[in-house]
């Protein structure tokens, strides 16, 4: 019996694997899956996964009901797929404007380089000095009954400033949501109110048309038409030889893409654009993106605020989707003239490519921590946004940073980068960058650069895409001009009167451009003593102060920003309503970049310019009116130029208040100077202690090299080049002699020191030989 039981067990064991090894065929699958027993125990997770993976049973008889059920299931699957493909797309009819959820680009440095959280150096508390002197409290020249609300707003702002001085870090981290709500409210509901306010101002202030402004300027500055000089333009033959065929550019302009999907971009890029609220490409974007994706060189120009940064950043990110995954190298370099513009471009790229895997950005700008940038560049990021000087420094002195595998070079604000100020640095960068198989993209709002300047870039038949004329302002910009005549001393009071007339409940951002850094600082002190919160932005500030000023202005903690031409190019701070030219710029191109800070991306804006008596000021006004009249002939929606009338009696009364505070202004400047000297002494003391403690480590570091010596730096400017010969300084006498030799004219002989000495050494006669 035992033997029989063993045999039966063996048979059962032989039968079990035969059932396990049973393989399903297509026919058996259709017969039914439930007939096959599951002999192994499964976990709940495996059962759920298998239930999801199980195909639905297909019955043999085909009926109409089953067909209907299949159609319903297919429709459900299609809707699910569409939801998965486009989860965050929002369609609007506002062109290429950003949605209300997007509040502009960030001007902060990430991770270890976050200078907003850990300031490297201490700064002088100028607002504290102004409060001790009686400023930043009550707005000068305002009635208490009328402006009770304004005084309440100002008192709240003063309390916020005191809290900011106690804890800057908590303010920057905790108030972001409140600022977003304020900006969203302004963007959604305040447009009609601001338009009505503008209409009320227009009714109160009589304005002249373009012809009236031009006639007034002609009366004030007669005979200046003869001084206008026409610039030398490139011939048609030279342009045909240098640029690609014009048909390619014209066809690109005609192809107006209504959506970004028609540009055949990848899904991660489209998702990033939808996250920013971009639905319709701008004309410069629809024209340049297809050409850039083909790998061709581009020389492009469009008005300010037309989306030029995204026009070159979108095809770059699309191209980097197909890079080798295992090889990390820097493939793209973007050059920008200012640090703030480079930080903004870096944020634009990060937000467009936020859904792209393995896409890294690097930032190399001056004023920030050099060692942290070296550590970031060691990882060899795909895209490096840099200013020219710091890029050369890293190429020469950072050991693990190389640009041998560079594929794309972008020069933003190309006309400024090709000027003589960046000439030496740009030629050095071009000598270090490989020329073979390099794509070069040039973008600017005033791209009127000559071919002679572009030859050094070694472009390969670039496509010239000019969406707008090189000297044209935005369509919805209203340009106002105030004739100062002989009232230059009233300009600070006039500026205060204009800013005070703006309704504070509208949360307007106002940018004031000045010519000199000293005047920007002094205006901040004057307006602060008059009770107005103002920030400044210029080259004398540290990089931490510059970024803090931009962030405070962006977050509306400070509504007025006084700056030099440092902020005239590229900065895209949303909802800047008014630009005031306190000092006239040197050229019409700089004027266009200044007024281009407002009326961006199809919005409305206003510029107010103080016009002096010089012929240069009059020429800029004439060019502005001329460009408007030319555009009005082409496009009826073009902006207008008007002459603004001012109540000079009120300005003179305000000027008396300003003059009464002259001694206080000097006291503030002296106190600030003493505080700066104390901080400088503390810095020198800490520097000396570090030199004593870490002497060996500091001396062991290799010296950083530069492509120019100190003497070469001094002889860079035009004036020094004219006054020098072969690197040596030439005095006035030698320079005059050289000029005379060039003119081939005779010059009267002048006794030298040797001649005078030889006359003195001659012996005097004793008179013996006299008869």
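A Cβ is built for glycine as well, from the same backbone N, Cα and C atoms used for every other residue.
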| query | Pick from 400-403, 404-407, 408-411, 412-415: which stretch is listed in Swiss-Prot under motif 'DEAD box'? | reply | 412-415
| field | Check: same-chain CB within 8 A of ATP site center, minus 302, 303, 304, 305, 306, 307, 308, 309 | value | 282, 284, 311, 445, 600
| task | Look up residue 308 (ATP binding site) in the DSSP assignment and reduce it to helix, strand or coil. | result | helix
| field | DSSP-assigned states of the motif 'Q motif' (258-286) in counts, ordered helix, strand, coil | value | 17 helix, 0 strand, 12 coil
| Within 10 angstroms of the C-beta of residue 306 (ATP binding site), what count of other C-beta atoms is obtained when all protein chains are considered? | 23
| request: Going by DSSP, give the three-state secondary structure for residue 302 (ATP binding site). | output: coil
| said: With the cut-off set at 10 Å between Cβ atoms, which of these binding-site residues ends up with the most neighbours? Options: 304, 309. | reply: 304
